[in-house]
């Protein structure tokens, strides 16, 4: 390996987030935040990537990586161009909220059954409105949840994933929901059944943790990655060691979501005050630090499995955890994770270019590599503003 000069990556940096007032354009490398809820709007906000934490770049004897190659990786995760197609989309509204919370592909209007209580479709104005009546003794919260449930049951044969979701609901009453972002504080309780979040085109948010280590005196990091199990979407693809969506109960707190995912998937406990990370046995692992904000707008393809053909405007809050060479993480969620693997920098780059990563996780990985000066190029990639909301 040729000698490389890479700035040392220090664990334990303080978590600091700036304000984010609206859904970002597709961006790689911005300072993350969620101090205010993201929302959909007709004009694209402008976000600029934060400065790189390293002014030097690494090189490889074995592989020749080019800027355009990695730009194509980003584009493959940002396949939907809102500006070109917004005129064809249906806007999804909730209750008396005046701003759309999602944009829907027209094929879902034609192929689905919408004649259920609580939903109003206006073909001329291209709108879908969630506005259920409340029955005696029923709250508006319950009315909205019942309306979503009726929509799911009416379309169990039309949308992949609904049958399994409804089965879980009927068995234990705790299937996965996603919060509706960008609404007024008094509507922050609104949530959508997971299988139809992409049907309605709502903004998703999630937290991803990149775990890395150094071998001996080598200052080029090795990356711990998760290989997704065959039982989940993006089966068999690479992902961050721990990652997951911000749920309705997280209150927009990305650290809370990250701590939950780290515990569920890797058995790691994150102190919410100090960001110190330990094993369940109390062994000190390191300190969680904040990475970049990732945003994208994707139209999912067949690789997504049950979610193929759905839209996802998304934001991802990224975290980093530097661990000792001797630490070996162990997966705790056999349903979602096949195994953890330690990859060299070149193996990470090869797998990214080969399309072996879950799309939004590929963006997270690229952001980490770019911020640390590890892409093997002198200039920062122009990976922002590929598509705009």
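Here the Cβ of each residue, glycine as well, is placed from N, Cα and C on the backbone.
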TrEMBL annotation of region 'Disordered' - which of the ranges 15-60, 61-106 it falls on:
15-60
Looking at the domain 'Nudix hydrolase' (194-366) alone, can you tell me the average pLDDT?
93
